[in-house]
């Protein structure tokens with residue numbers, strides 16, 4: 001390690017003045033500097049007359065006026081520079097030692113630390129004792145660009161500061177003439193690393209090492225291919241970074257999947273699939289899925305949305321376009337229970353020609369042994385089995401997620417016939433229904449066929465009923481319907497009750513409360529909309545809550561307080577939030593308890609003020625602001641125009657206060673006019689000193 005104490009210029013006791021011909025004497029003055037005594041301003045008497053006696057002559061009175069010109073001596077002092085360049089990997093940085101001299105221009109010390117590429121610099125603040133007239137800043141350096149890591153107002157003993165590059169600069173400035181403040185910073189090099197790369201959607205990433213030289217390897221889920229490199233390397237540069245952009249996983253338009261186990265086939269992006277071709281919005285994709293010998297395939301239709309006039313999906317049991325047809329979208333309905341291959345292969349063909357409706361396809365395939373039943377699948381639900389291998393005799397039970405109901409099949413099926421294993425019934429499906437009566441204390445209501453798009457001409461009514469001493473809270477998470485469709489909420493058990501609200505189009509999430517224990521929802525989609533387009537639908541959570549006549553209690557706000565217009569939070573109560581000194585309120589400071597017993601806005605927060613107010617300009621002078629936002633720790637420097645002198649502090653610093661708003665270290669200075677020479681009675685002229 002090393003201890004760096006920059007060398008300063010020794011105070012000068014004897015100085016040499018250099019005149020520039022303008023009457024200004026420029027010196028580099030130090031500790032023993034003093035001006036010579038002024039010249040005498042009296043004229044010596046004339047010599048006495050000599051010679052013999054003569055006639056007595058009456059002496060004439062003579063008056064002599066001597067004009068004395070005073071030369072103004074201005075001493076210009078620059079800060080003493082004390083810089084040090086350091087390349088050791090660890091050491092200590094300290095304030096310059098005070099030798100008893102005077103720094104007339106102050107000190108301006110810069111410590112520059114550079115370590116090997118691939119390493120950063122870590123600084124621990126061991127001691128910090130500075131005055132308001134002193135500044136200490138730590139900056140990083142990247143490509144000749146400095147960026148602030150910390151300054152004296154944001155530092156504390158024990159704090160650790162890390163640079164993201166292999167360069168760091170510490171600058172210490174003091175405007176005091178003697179006894180500079182003290183600081184001690186211990187630094188050491190540490191190994192830099194790349195950030196963890198993002199996982200591609202529909203893919204995975206594995207990292208061997210985040211330090212320089214490490215690699216990130218990417219791969220995609222079945223049905224997707226990498227667009228971009230499959231590996232990136234962490235580069236050993238000033239700020240380590242990966243050798244390129246992370247790849248993306250794109251759905252493929254066709255392909256051969258050999259030795260298949262489990263995977264998906266999804267609709268490709270038409271633009272990406274036709275990149276470099278002249279097919280426009282047309283697609284023609286062919287997939288061949290092959291299982292190992294002695295195995296078969298089960299294909300489940302997870303999500304399908306085809307333009308019935310322009311899209312076509314064909315599935316064949318075999319390995320060629322001539323194999324037996326088991327599904328044709330022009331003829332067959334979507335098989336809710338999926339398809340089974342008669343052999344070990346499936347051939348899938350998708351054709352799309354300038355579709356009007358966006359293409360959406362997700363097919364899940366899985367392999368199963370001919371001696372067992374295939375693994376069931378239930379979208380939007382769960383199942384449990386008595387045998388994880390699904391051997392003959394296994395029982396499987398099904399249940400749906402909240403908001404869905406079992407349809408088109410029994411809740412339990414059995415694997416039968418050891419000679420030709422198969423399920424005795426097809427799996428059920430979980431569907432979001434159009435309406436229903438609900439008496440659960442909590443649950444979810446989904447738009448019809450969610451997450452598929454709802455259709456034209458829907459008229460769905462849901463009734464929610466909870467305990468008599470309760471009421472219903474509706475939390476609308478997603479509401480994205482067409483502007484010609486409507487969701488209406490009634491405050492009661494039928495469509496004649498008072499309307500709580502009617503909503504069309506897209507809305508951000510919001511809450512509604514019923515006044516009693518029943519609430520009714522009605523959703524209607526326009527059956528005659530000539531420009532019908534797909535819409536997302538809605539998700540509405542509901543739960544029973546205590547019935548009362550007050551709004552929910554509001555939380556306390558850290559660094560602030562609230563006052564209420566009424567001791568009980570009844571309808572019409574106004575709650576006002578305020579922040580402690582040094583904090584600004586973010587959000588609405590006034591909340592009102594509405595008729596539905598919900599608050600008009602979310603509670604605000606109190607954010608710490610990290611800036612001083614603009615200190616202002618000065619007349620007959622200029623200022624230099626080092627930070628246009630006047631952040632804590634920033635400085636503003638003032639100087640006067642020619643003919644004026646500064647009265648007050650030359651540099652103001654924005655200081656943090658734990659109990660109040662940040663403030664400047666002193667009042668703004670003033671530029672006052674210098675005194676001119678004046679004529680006194682008796683003819684003598686002298687220059688009055690400048691005010692200090």
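Glycine is treated like the rest: Cβ placed from N, Cα and C.
Please treat TrEMBL annotations as automatic predictions, because they have not gone through curation.
Residues annotated as compositional bias 'Pro residues' in TrEMBL: 35-52.
Among the features that TrEMBL reports, disulfide bond is placed at 82-109 (among others). DSSP assigns residue 109 (disulfide bond) to a strand in the three-state reduction.
Counting every protein chain shown, the Cβ of residue 606 (disulfide bond) has 20 other Cβ atoms within 10 Å. Residues annotated as disulfide bond in TrEMBL: 579-606 (among others).
Residues or ranges marked as domain 'CUB' in TrEMBL: 82-190 (among others).
The domain 'Sushi' (192-251): residue composition by secondary structure is 0 helix, 24 strand, 36 coil, according to DSSP. Taken from TrEMBL, the feature domain 'Sushi' applies to 192-251 (among others).
Taken from TrEMBL, the feature domain 'CUB' applies to 253-368 (among others).
A mean pLDDT of 89 is what the model gives for the domain 'Sushi' (371-432). What TrEMBL lists as domain 'Sushi' is 371-432 (among others).
Taken residue by residue, the domain 'CUB' (434-545) breaks down under DSSP into 0 helix, 58 strand, 54 coil. Summarising the annotation, TrEMBL assigns domain 'CUB' to 434-545 (among others).
Per TrEMBL, the feature domain 'Sushi' maps to 549-608 (among others). For the domain 'Sushi' (549-608), the number of residues in each DSSP class (helix H, G, I; strand E, B; coil) is 0 helix, 26 strand, 34 coil.
Residues or ranges marked as domain 'Sushi' by TrEMBL: 610-673 (among others).
According to TrEMBL, the region 'Disordered' annotation covers 16-62.
Long-range Cβ contacts of residue 579 (disulfide bond) within its own chain (separation 6+, distance under 8 Å): 557, 559, 560, 585, 606.
Listed disulfide-bonded residues: 82, 109; maximum Cβ neighbour count within 10 Å falls on 109. For the domain 'CUB' (82-190), the number of residues in each DSSP class (helix H, G, I; strand E, B; coil) is 3 helix, 65 strand, 41 coil.
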